[in-house]
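Q: Pulled these from Swiss-Prot:
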type     : residues                                                               : note
BINDING  : ASP1070, GLU1071, MET1072, GLY1073, LEU1074, GLY1075, LYS1076, THR1077 : ATP binding site
COILED   : 590-655                                                                : coiled coil
COILED   : 706-783                                                                : coiled coil
COILED   : 877-922                                                                : coiled coil
COMPBIAS : 29-44                                                                  : compositional bias 'Basic residues'
COMPBIAS : 51-70                                                                  : compositional bias 'Low complexity'
COMPBIAS : 92-111                                                                 : compositional bias 'Low complexity'
COMPBIAS : 148-158                                                                : compositional bias 'Low complexity'
COMPBIAS : 176-189                                                                : compositional bias 'Pro residues'
COMPBIAS : 316-329                                                                : compositional bias 'Polar residues'
COMPBIAS : 383-428                                                                : compositional bias 'Basic and acidic residues'
COMPBIAS : 695-709                                                                : compositional bias 'Basic residues'
COMPBIAS : 780-792                                                                : compositional bias 'Basic and acidic residues'
COMPBIAS : 1814-1825                                                              : compositional bias 'Basic and acidic residues'
COMPBIAS : 1863-1873                                                              : compositional bias 'Low complexity'
COMPBIAS : 1880-1893                                                              : compositional bias 'Basic residues'
DOMAIN   : 809-934                                                                : domain 'DBINO'
DOMAIN   : 1057-1229                                                              : domain 'Helicase ATP-binding'
DOMAIN   : 1630-1789                                                              : domain 'Helicase C-terminal'
REGION   : 1-501                                                                  : region 'Disordered'
REGION   : 594-792                                                                : region 'Disordered'
REGION   : 1814-1904                                                              : region 'Disordered'
MOTIF    : 1180-1183                                                              : motif 'DEAQ box'
Amino acid sequence: MDQNGYNSSALQRPPRRGDEGCEEDRDSRPHHHHRHHHHHHHHRRDGDLPAGAVAGEAATASSNAGGANAHQHSTFSLRSPKPEYRPPPFSSPNGHNHSHHNTSTSSANHSLQSPPRPALPNPYMSSSTGAPGGPVAPALPPPVGINSSSSPGSSAAGLHQRHHQPGAPAHQHRAAPPPVSPLHPPVAYYPPGTNTDIYIPPPEPKPASRGFYDPTTDTTKERRISDAATPGASWHNANANAPPAGTPKTRDPYSYSQTADQHTPSYYNGGSYTSPRGPSYNRPRSPLSHSHQNPPAGSLSPPGQQPLLASPSVRHGTTANMNPTTNGASAIPPFKSDLAAPSPPKPAPSSTTSRANPMSFDSILSSSEPAPKPKEPSPIIAREPEIKEEREPRRDRESKRDSREPKQTKRSLEPELDHDTEVEKDVETEPEPLPSREKEKEPAPKKRGARKSTKGRASDIRDAATPKNGRRLSVKKESPTPRLPAKRQANGQPKPKTWSAEMEKKIQNAESDIENRAANLDADEFDEQQYKERAQKRRRVMSELDVEYGLSRRDALANTISKKLVLHAELGKRRYDDVFYDEALHEVREQEVYAEKERKKDMQRKRRREKSMAVTMEQKEAALARAEAAEDETERQKHLRDAERASKKAQQTKLILQKGIKGPARNLEINLEGGTMSSFQASDVESGEAGTPSGKRKGKGRSGPRLKKSKEQKQAEKDSAEAAQAALDAGEELPTKEENRVRIKIKKTKKDVAVDSEKDKDEAEKTEEEVVEKKTKKSKDKDKEKVDDIPDNEKRFMSKGYNQIYDQIWRDMARKDVNKTFKLAVDSYATKASNLKKTAILASKEAKRWQLRTNKGTKDLQARAKRVMRDMMGFWKRNEREERDLRKAAEKQEIENARKEEADREAARQKRKLNFLISQTELYSHFIGKKIKTDEVERSTDNPEIAKDAHQTDQKMLDIDEPTGPVIGKVTNFENLDFEEGSDEALRAAAMANAQNAIAEAQKKARDFNNQGLDMDDEGEMNFQNPTGLGDVEIEQPKLINAQLKEYQLKGLNWLVNLYEQGINGILADEMGLGKTVQSISVMAYLAEKHDIWGPFLVVAPASTLHNWQQEIAKFVPEFKILPYWGGASDRKVLRKFWDRKHTTYRKDAPFHVCVTSYQLVVSDVAYFQKMRWQYMILDEAQAIKSSQSSRWKALLNFHCRNRLLLTGTPIQNNMQELWALLHFIMPSLFDSHDEFSEWFSKDIESHAQSNTKLNEDQLKRLHMILKPFMLRRVKKHVQKELGDKIELDIFCDLTYRQRAYYSNLRNQINIMDLVEKATMGDDQDSGTLMNLVMQFRKVCNHPDLFERAEVNSPFACAYFAETASFVREGNDVAVGYSSRNLIEYELPRLVWRDGGRVHKAGPDSQVAGWKNRTLNHLMNIWSPDNIRDSSDGSKAFSWLRFADTSPNEAYQATHQSLIARAAKELQKRDRLGYMNVAYSDTEDANFTPAHALFQIRPRQNRKPLADITNEGILSRLMNVAQGDYDESGLGRLEPAGRPRASAPPIQVSCRSWASEFERSEVLFNAPIRKILYGPTVFEEKALVEKKLPMELWPTRQMLPKPDHEKKGFTNISIPSMQRFVTDSGKLAKLDDLLFKLKSEGHRVLLYFQMTRMIDMMEEYLTYRNYKYCRLDGSTKLEDRRDTVHDFQTRPEIFIFLLSTRAGGLGINLTTADTVIFYDSDWNPTIDSQAMDRAHRLGQTKQVTVYRLITRGTIEERIRKRAMQKEEVQRVVIQGGGASVDFSGRRAPENRNRDIAMWLADDEQAEMIERREKELLESGELEKQQKKKGGKRRKAENSASLDEMYHEGEGNFDDGSKGVSGTATPATAATPADSDSKGKKGRKGTKRAKTAKQRLAIADGMME
């Protein structure tokens, strides 16, 4: 104890943050007491704080928080109150802190992903932050009577607002004081200054509640002034006499003086209690008030003496130090008090007693623990120097250091972020204050404490600069006049206030009275009651908190469990797949092996049969040769029989082979793309012998197979049918069918039946014996006769064979016929018995008829008569029906014969009619050709160096003079022409007349159009010129064109102008890249310049080329005003205003000249386009209207336009029907809808494929002559001299092992023969299956990963994972913390964790662990340095250390340090002994060992220094043989053979305590250990080098060794190998080598694909190879396409352009690329041709090379062959090639299914299929089956077309509508498509599913 009566606690262990089980208790907390001195405090701002102040603030932020109390939840304790209590020390004003206050703070090291466990918040503390500005959130005010922690910020404003609050109950007994937030600023108690000469004016009165501006907060919202935040409120009267909340009373300012004898340390009931305020105390002030001046002399200024004993409030205050930057006001927590300031005579408030002196101490600051009686006062010392800190024991200091959290490598104390934020509560019931002596039994009403503000005030920091003077103000503001609002200065501080002398005197008197009356209180009684009340309140508050937190925990648990269940459900699915995957794979493999075995058996069986057939044929030939050479007739007959037998056997074998090889039974059907997929088996073909080759039953009869009929039975049936037909024709009656005789069986008794059966058996046996004897006798006689006739040398053979055959026949009869005969006999017996029974019944009726002569007989007679009449009527009806059927059959036969004759006559007529139509068209073309001279224009610019095409034949033009006389009338009615008997001259004259009329009509139409424009010109609407009469003129390049046209382009312009002059439409079919766009623009420029025709012109183009057209027109003819007609509906509505003006004159000043739009918008806005009269309509990429059935074709045909121009580089894409549609579009009057002409044009040329004949030369010439005038086509090699030919190379690739496995698996799952047979029959149901199969095979050829991608594999993670932060929201740098947590958590209560629950952790409640640690590890440990030093002399225990080169301190550290610390220290040691072995390597020094290392034998012989001499070269390999051998073995680079099935983070303790979080972070993220394992970072090493730090000061090098496995590393996550991804595909491997070569040579590549999924995979490959690329496919937006093409054209660093063949092959210019690669080819050659011409076009200066990757021996070879055939058709038709064009392999459209099926077969199978098909065709069965199939309507599968399969998810590039539009042509007669579109019941306009043929036609581009 010191002289003031304080118990010294310097040696007591202070509680620390991190101590387990250490719930902060007042009795166990160390306290240092300082003398209170007078200091002048000056206000400082944050920026002006001294270093010591800041350090003090940080160091004392959590001085009272224990390690386990970081989550301070409750201060309730059931332990008995301690008799001893030490008051807390006060920190010095300068911010000096004590060592025992340097406790650890909470570390909020929780990542974004892993929020920490929320601790139970203290109901009496507020959430706080470490910043001195403001709190995290408003905190819950402490309940009445409970201490509240200070403000979150380190300002006194928050302290006073909370501590000086009225209405709080008195401080009661408690086991532990209220906890303080670890981040609260230190509560320092400052002795006030000694200046007493300054007068303080009284403060101005304030309203009860008023908001004020707080400059320290970041909000503009005014805060409410709490009653506790009033000026002058002190700890003494903070809670005294609390008025009702919200109605505070005004206070009277006062000043007082006091002598030293008033500080007698008596307790409450001791009778000598004095004021607890020391003489040197300043009165604490509100943060709203200014610093008060010192009172004048004579006032109650406290003398400069220390009190003998601190007041109970001081002793029971918190240990938190005051922030040195505060106002100097006391931050001691408020305690309940019933004292109130004196007031003028008025009724006392309800919260005070009725004693004479309301300031008595009967209810002031009771403690929860009754303190002992204070001792007598010691002499008062006026001023005493500050007590210095006492040094704590070493153990305590070490424990404190251990309790700190390792934030970085050096542990630093940081302010703790308290995440526990409370909501303020209004406590409904509070303990009543104890009555005074006069009114002990009068209960005081309970009052609710006022709400407190939790925000800090920066004004406190500012007020520190003003001198302070302690003043005490009563909580009761009972001034007679209300206080006015305080005036504020400019900086937000209130103006200073002064006290009146009268008020100070009143206060002095009142306080003296209080001190005198305080001795009569009974402390024991008072404390007991208050203690119980507070305990009861704590229990109530805790129960409420438990309920609240229970709800939150339940919600959190429900969410957690739901997530677990979802996760386990997903994992269960994965486990199921993993468990049964191997089983399924094993089963599939077994089936595959079985199927392969069966297929091999079938092949062996086939080879054996073929060999047997060959041997049999050889035997036949030999037998025939012997028969010819035989002289004897018998021998010759024998040889002939042998030959016949051999021939029959060969025929049977041949039939078996023709039926096909029966494949193995398959239970697994392939279905790789979804949808239903049939399986075709050869068994179906065999079952088809019963009638239908398809093997399908016709009716719903027996489910089993039909009985097979022999060939003889079939022939007999056929003969009988022919005989019956002949009899019918001759009028004879057919013979009646033989009926089985009815045998009546009479029922007998059992005895008779038994007798009869015995007789029957005997007779039957006898009969059989007789029959057998007769037969054998006859047969013997016959055999004998035959044997006699046969030569002797052949008798022995014939008899034996005959007997065998005879026996075989009888065996067959016994096996087959006996059972049937028995069944027939049984049936006949049953029928016989039934008839006999009926006969008996009838006989009995007849016998009794005389007895039944009544009315009933009459009725029966009538019924029988009616029945007889009905039977007769039925008989005659049947008879008449049969006669009628016979008559109809005869009439039908006659009609059929007449139809055949009529068909023959009609065929001849149609032939002449077709000839007439062709002649008419030829004449028209001849007349037009002479005017337009297309042939001259086409070849006038040919390169003379290029030889004439070898296939080009001389066209023999028609030598016909153009008639000059009057034009004969047009023959429109073909019925007037006699095609049967009319002369050829008359037909020719009619054809010439029609041709002339067609020309005249075209010209008249143009003149009418122009004249109409002239007529309308008068009204000011249109202004068209009439250039028709200008004739043939040679024109020059228009000056409006800002470019120089080439010669061939100028010729093309002349041709187009001549077409326009004649009013004829045309097709500009120049090869792609020759400038069709420029030529069409030049025509419009010519019309504008020469004839002042400025439009309107309409350009319709695909959506991808709209921007290109707009740019080209603006570039070449800037004077044209372009209307870009695209966009949304609202945008187009605005654009249409340009042509909706009725009085628009299309001159140069017109609103627009050229309208550019797309095909889709033309169809959607057809009504608006048809209103306009277009001068010229240009259709770019005219193959978009190649189908005359499409809606766009008919919509464009109905537009009002003078001329039409079609631009296409590929006029023929798939068949001639497309070219017919284009010609019909440009000349509807000539190429009209005559079916004969269309059929000849489209089908007759291709029909030769059925018979594999060659095209007729005359027909080809006539076809070319028809096309010549209307179509102008030039090719690049003829007109473009500087553009060389493109080089096309086919690169054949082989299937890899994985691809072969996939391919063979697919082949084994299907039966090619069945597919072909069903496809030949035209079964639509199987067309989807065929297309699906084609897609699967093409996927295999491209890459097997298209079926199944190799995914990233990892063990099953038994852990929780937090959500990953969004890189889009957070940026590139995202803080990713440790968030993995095990699914298994060890729940541990907080009390067990902290309060001695862990016995191995030392703490206040676990003294055993502390005693063990101190005793065993320190006192009784022999490894202490002192003991080692004492035992090192002589031969004592540790004398060996001097030979082991170990000091006592090193030995102590080795036994007391952790393993990682020792390992790091060993790593830092320099191996001096090993290097000595290197230095002293001579023989004489080999055994040299220093004296201090005699026992270190192993380090002396260490070879590691030798191995570490060098790290490279041969010497390094010699010194590290084992490591080099391991590296060369490649074991570290192999794929891991296995991986763990599951992984999980360590199981952790789950405790609602910050201490557990600290320990976890200490274990998992220990900064020193991480630094030791991983070493310095790259940035640190750079800094060390730049700073030139000495090597001995460098940190420890990395201790973590490199992983043994290079690929695996330290993780179990396996990433798929990209190298394997490349080598799994033969195509990709070839492409990899090719791209490497092209890149090195500086080429740029266009890479085309058919499948968008393959483009996705190719992007991964290009990223892997670091090739720069860009991509364009059907899903690319319109605006992005333009930018992508521009980037590739302008940025040479882009190496590859990935394109979809359909999307990237139209209308874009990519001339910067010189290499084109087709990863997979299209079966339409024009699509590929368009794609490669993106680079091979005008502007290309390099040699263009085209590579085509084809997989050898697969379906791709056959698709390529088919494309080449189509290419040849185009060349022949368009260029007029020679007549030797072989169309072998071509198929009619209806046989396209068969072509696709043939692609799936190999060469051997294809040959067999051809042979089988030929046999079926010869036998006529094929036609029968096709007729049967045609009679059935089958519902088409709604499956996707091949085109859609290729480009799934890509979208339609040209945005065209593909709906079938009803009629094919505008003819009057309805076509089948028309009738189909209407459907039944008038369902017009409904969407009908396309048939498989239509889908195939779409895939080939034949229709839309």
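We count from 1, first residue shown onward.
Even glycines carry a Cβ here, placed using N, Cα and C.
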Q: Around THR1077 (ATP binding site), how many other CB atoms lie within 10 A of its CB?
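A: Excluding its own Cβ, the number within 10 Å is 20.
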Q: Neighbours of the ATP site ASP1070, GLU1071, MET1072, GLY1073, LEU1074, GLY1075, LYS1076, THR1077: Cβ within 8 Å of the Cβ centroid, same chain, sequence order.
A: GLY1209, ARG1737, LEU1738
Q: Give the helix, strand or coil assignment DSSP yields for THR1077 (ATP binding site).
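A: The three-state answer is helix.
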Q: Over the domain 'Helicase ATP-binding' (1057-1229), what is the model's mean pLDDT?
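A: Mean pLDDT for the domain 'Helicase ATP-binding' (1057-1229): 83.
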Q: Among all the protein chains here, how many other CB atoms are within 10 A of the CB of GLY1075 (ATP binding site)?
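A: GLY1075 (ATP binding site) is surrounded by 21 other Cβ atoms within 10 Å.
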Q: If you run the three-state DSSP split on GLU1071 (ATP binding site), which class comes out?
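A: DSSP call for GLU1071 (ATP binding site): coil, neither helix nor strand.
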Q: Give me the non-local Cβ neighbours of GLU1071 (ATP binding site): same chain, 6+ apart in sequence, Cβ-Cβ under 8 Å, ordered along the sequence.
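A: Expected: GLY1209, ARG1273, ARG1274, VAL1275, LYS1276, ASP1733.
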Q: Using a Cβ-Cβ cut-off under 8 angstroms and a sequence gap of six or more, which residues of the chain neighbour LYS1076 (ATP binding site)?
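A: Counting only residues 6 or more apart in sequence, the Cβ neighbours of LYS1076 (ATP binding site) under 8 Å are LEU1068, ASP1070, ASP1180, LEU1207, GLY1209.
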